[in-house]
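Below: one structure, written as structure tokens.
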């Protein structure tokens with residue numbers, strides 16, 4: 001291939017550019033140099049030998065004597081050898097002609113030193129064979145070879161070491177074609193100086209296209225300009241001076257133009273590289289910030305769903321155009337998929353590449369996976385993969401925490417539900433409505449309770465209570481106290497005795513100390529309501545005349561002291577509603593308890609003839625509203641229906 | 001978040017524990033520890049509630065727990081300067097009566113009164 005290219009170039013020199021009458025553009029100099037630079041050193045002898053033989057053959061076929069032909073062969077092998085040796089001495093590995101240093105080395109070794117060697121030998125041969133004056137021969141020999149190396153070897157090396165091996169053949173061809181066209185137009189008229197036309201074209205290419213395309217266009221411009229000149233077109237063809245001067249100044253003009261474009265390309269490459277570094281740095285900074293935001297959100301996320309939503313919202317976009325989070329539920333079951341917004345469903349057609357990483361679990365079993373989709377091909381480089389794995393690990397930590405929480409949450413919720421009574425319709429002399437709002441919304445468990453149950457002789461018992469604390473321990477103590485109270489109430493003569501016995505029992509129940517309890521019983525036969533409060537807030541009786549607190553039967557909380565307990569009693573009118581609650585309904589850090597109790601009474605008294613359920617909802621909404629609860633809240637409303645059949649024999 | 005402070009000062013033979021802020025679930029452990037420390041180091045402890053804005057069942061629990069610890073050591077713990085909601089809560093639950101200051105017939109009358117004014 002080297003031989004063919006060399007022979008073609010050398011023949012072209014003879015045929016088109018008029019060698020050997022004048023020394024002209026010598027493109028094969030670039031071919032040989034490129035062949036040496038791009039080949040391992042052990043092949044160099046073969047390349048040089050082939051070039052020497054070809055040179056001699058071409059020269060002798062044009063009628064040159066063997067010894068002069070051998071001399072030119074020496075010149076044309078020594079020249080690339082010197083150039084290649086020196087270049088490889090300074091640039092042993094990759095030659096990036098977009099780098100300032102590499103360009104300078106290339107110019108000094110291959111455009112300078114090599115052709116100077118060749119020109120020294122060549123000028124001697126020309127002086128001997130044609131009797132040409134040595135200095136002029138030297139300069140024009142060097143100019144021809146140097147331009148050949150600059151254009152041909154420049155193009156080859158730039159092509160070989162191009163950073164982005166994208167084809168872009170059409171754009172390249174259009175670019176080279178436009179350079180050729182500009183040269184043809186520029187060199188057509190004799191008198192109008194249009195020969196500068198290729199300069200802006202080459203500069204524009206240097207600015208907007210890759211170096212290899214620019215240099216290929218430069219090579220095409222050089223060949224075209226020489227062909228035009230040798231066929232009598234352009235300003236150089238019209239010059240009335242020595243042909244050596246003409247050709248030399250033409251080559252220098254072309255070489256200067258190409259070199260100018262080349263230096264511009266180097267500058268553009270340096271600027272782009274600096275910009276790239278800055279943008280990479282900024283992207284890294286943005287990613288770090290986004291990661292911090294995500295970490296904060298993951299720390300706040302309580303459920304798997306919160307976590308997946310946070311990752312989809314803030315994590316995916318950090319590295320990918322779109323993506324999704326798949327989570328396998330801890331107990332097995334169907335995998336749940338969250339996809340980044342504006343892309344519901346599966347992959348869209350413009351996804352060119354994607355990356356999936358597992359969310360690692362403790363036992364080696366994945367908790368799910370993260371999928372990142374990109375609009376560009378091959379987007380998942382090492383950085384992206386590393387970041388994706390970091391994200392997966394963060395997600396895994398949050399998910400493991402959430403799974404523990406969700407297990408606990410489900411257990412406590414079931415426990416709480418099981419402990420609170422089901423308010424059925426089996427009680428026909430009263431209507432009951434109740435609500436329970438735990439302070440700890442996340443845990444849905446607390447130490448407050450309410451209870452309604454039947455007693456012997458048709459009586460009905462009601463209790464409300466508040467164990468100190470909100471967590472599971474409080475819920476356990478609450479459950480025990482509630483059960484103990486139910487059992488004690490069956491045999492005790494009245495509320496005061498029930499609380500007395502509960503007080504004694506509470507010493508055996510962990511975490512029961514200072515629990516406040518309210519207990520009342522109601523006898524439908526006599527409409528007598530008896531009640532007692534162990535430190536508990538007083539019940540509210542709502543009648544047609546308004547609402548009033550019942551302040552009788554007060555005593556200390558459970559486990560607080562030894563004073564005896566008393567009880568209050570009241571005969572309730574038809575459709576009166578008895579309201580009992582825990583402190584969460586009326587106690588607030590920034591509000592007066594007495595004021596809130598009055599508010600509650602006013603709110604209860606303001607409804608004309610309410611039923612239990614309406615009153616319950618109304619009071620909750622009025623007292624709690626949308627505010628965050630700092631304490632558990634229980635409200636129990638019991639309406640004593642007047643018309644119901646009274647069956648004292650029951651029980 | 002927890003807005004709760006405690007410090008102690010000695011007034012003759014009475015150790016005065018001054019509480020301030022909110023005595024609720026978040027400050028319960030801190031409050032209980034402060035009160036038990038006081039009961040452990042003095043047979044006569046006055047709990048000054050003047051600076052307490054809020055006291056819920058957790059606060060009551062801490063007071064009752066410390067009261068029982070004092071009884072076990074034949075000591076006494078009482079509250080002073082309860083006002084507003086704090087006084088209401090202590091009254092409703094009966095704790096104010098349980099933890100009332102001993103009758104001023106004893107030799108400690110002067111210090112007790114001083115506390116109440118403070």
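Cβ coordinates are placed from backbone N, Cα and C, and glycine is handled just like the others.
In TrEMBL, annotation is done automatically, which means it is predicted and not curated.
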TrEMBL annotation (transmembrane segment) - matching range among A:68-91, A:284-307: A:68-91
Candidate ranges A:194-224, A:318-348 [criterion: TrEMBL lists as transmembrane segment]: A:194-224
Local confidence of the domain 'PPM-type phosphatase' (A:427-640) - pLDDT mean: 88
Annotated stretches the transmembrane segment (A:245-265) and the transmembrane segment (A:139-161) touching (3 or more Cβ pairs under 8 Å): yes
Considering the transmembrane segment (A:194-224), which listed stretch of A:68-91, A:139-161, A:168-188 counts the most C-beta pairs under 8 Å: A:168-188
Maximum Cβ pairs under 8 Å to the transmembrane segment (A:139-161) - stretch from the list A:68-91, A:103-127, A:168-188: A:103-127
Contact call for the transmembrane segment (A:103-127) against the transmembrane segment (A:68-91), three or more Cβ pairs under 8 Å: yes
